[in-house]
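S.K.: Got a structure for you, questions after.
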Amino acid sequence: MAKHLFTSESVSEGHPDKIADQISDAVLDAILEQDPKARVACETYVKTGMVMVGGEITTSAWVDIEELTRETVREIGYVHSDMGFDANSCAVLNTIGKQSPDINQGVDKADPKEQGAGDQGIMFGYACNETEVLMPAPITYSHRLVEKQAEVRKNGTLPWLRPDAKSQVTFQYDQGKIVGIDAVVLSTQHCDSISTPDLREAVMEEIIKPVLPAEWISKDTNFFINPTGRFVIGGPMGDCGLTGRKIIVDTYGGAARHGGGAFSGKDPSKVDRSAAYAARYVAKNIVAAGMADRCEIQLSYAIGVADPTSIMVETFGTEKVSHDIIIEAVRQFFDLRPYGLQEMLNLLQPIYKKTAAYGHFGREEFPWEATDKAELLRDFAGIK
């Protein structure tokens with residue numbers, strides 16, 4: 001693979017699926033604030049004029065689901081019927097039930113350290129030294145473009161922007177190293193009064209140029225800004241949204257494998273979420289320690305069982321020390337049982353709403369992004 005292209009995409013906080021993710025995680029956070037041991041599996045569906053919140057929740061906490069939903073939509077920016085969705089007037093339906101006692105008996109144990117996994121499943125974590133946050137560049141810059149779209153929309157720089165947007169960036173690689181950006185796609189919802197030429201110029205100057213490094217842009221880079229020419233109808237009016245439908249956007253943009261489990265709305269007893277975070281933490285510390293340039297971790301679990309049923313480490317031939325040393329380091333320095341990883345990453349806190357837009361990884365404010373084990377790993381591996 002001497003020369004190749006690789007593409008990832010992202011979506012904004014106003015994309016219908018991301019509205020759903022943020023509502024689900026807002027509910028989770030509100031419950032964890034009162035009851036850190038709650039069991040939460042919250043799903044959301046949004047469509048024109050309506051939000052349905054459902055799932056299984058077992059908790060001693062009380063949360064005003066309707067007001068929380070409206071506040072979340074309001075923060076995103078859907079506050080007027082002209083946008084096709086209005087936080088103040090949309091219907092909010094609540095269909096939440098309790099978690100099955102059959103699941104509880106496998107998860108809850110007398111000794112917390114023996115807490116079983118909330119379900120079976122496989123989870124992947126990944127890191128590479130392509131960017132300063134040890135994430136693949138295509139997904140990193142796709143996120144940054146739609147983050148910038150939200151910033152200039154909310155601060156009034158481009159007041160005619162609306163909340164729904166998508167980005168996509170294609171990078172050129174040679175011998176596994178970035179040599180440039182081949183293509184950029186950015187589609188953004190807008191009000192009816194802005195012309196397409198004015199929109200394209202403003203998006204280029206205020207969003208794309210400030211975000212993408214100039215050294216990766218050339219005369220051959222292709223830019224596609226609102227390529228259909230018009231994007232007035234968007235958000236839940238354009239498409240329905242569902243929790244958990246942007247799992248590749250949430251993770252590595254397709255640069256690493258995915259176990260299939262979504263994150264948003266799930267408390268940390270659900271290993272779909274917590275073990276994926278732990279796998280990222282392990283992979284990132286291995287790369288930060290200089291043990292490998294790229295690292296992918298796979299974990300698997302059985303419902304009600306504490307220890308992972310398997311741990312896989314893949315370094316794609318980039319390892320700087322023997323594979324056996326890396327595997328032994330993972331076993332020695334990372335507790336990957338459900339209780340252990342919750343404690344290791346301090347997951348029983350209300351930090352999840354922020355994760356629900358612009359990616360769960362590569363953002364230093366989250367505990368699974370810490371590289372606090374890198375020094376231990378270096379010492380263990382004898383890396384100077």
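Including glycine, each Cβ sits where the backbone N, Cα and C put it.
What Swiss-Prot records for this protein is below:
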- Asp17: Mg(2+) binding site (BINDING)
- Glu43: K(+) binding site (BINDING)
- Glu56, Gln99, Asp239, Lys270: L-methionine binding site (BINDING)
- 99-109: region 'Flexible loop' (REGION)
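In the displayed structure, how are the listed features positioned relative to their neighbours?
M.R.: Under the DSSP three-state reduction, Asp17 (Mg(2+) binding site) is assigned to helix. Sequence-distant contacts of Asp17 (Mg(2+) binding site), defined by Cβ-Cβ distance under 8 angstroms and a gap of at least six in the same chain, are Val11, Gly241, Leu242, Thr243, Arg245, Lys246.
When Cβ atoms from all protein chains are considered, those within 10 Å of Glu43 (K(+) binding site) total 22, not counting its own.
Using a 10 Å radius centred on the Cβ of Glu56 (L-methionine binding site) and all shown protein chains, the other Cβ atoms total 15.
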S.K.: Whole-number answer please: how many Å between the C-alpha atoms of Glu43 (K(+) binding site) and Asp239 (L-methionine binding site)?
M.R.: 17
S.K.: Which residues, sitting 6 or more apart from Lys270 (L-methionine binding site) on the same chain, put a CB under 8 Å from its CB?
M.R.: Ala41, Gly118, Asp119, Gly261
S.K.: In sequence order, which residues at least six apart in the same chain have a CB under 8 Å from the CB of Asp239 (L-methionine binding site)?
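M.R.: Once residues fewer than 6 apart are set aside, Asp239 (L-methionine binding site) is near Pro16.
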S.K.: In DSSP terms, helix, strand or coil for Glu43 (K(+) binding site)?
M.R.: strand
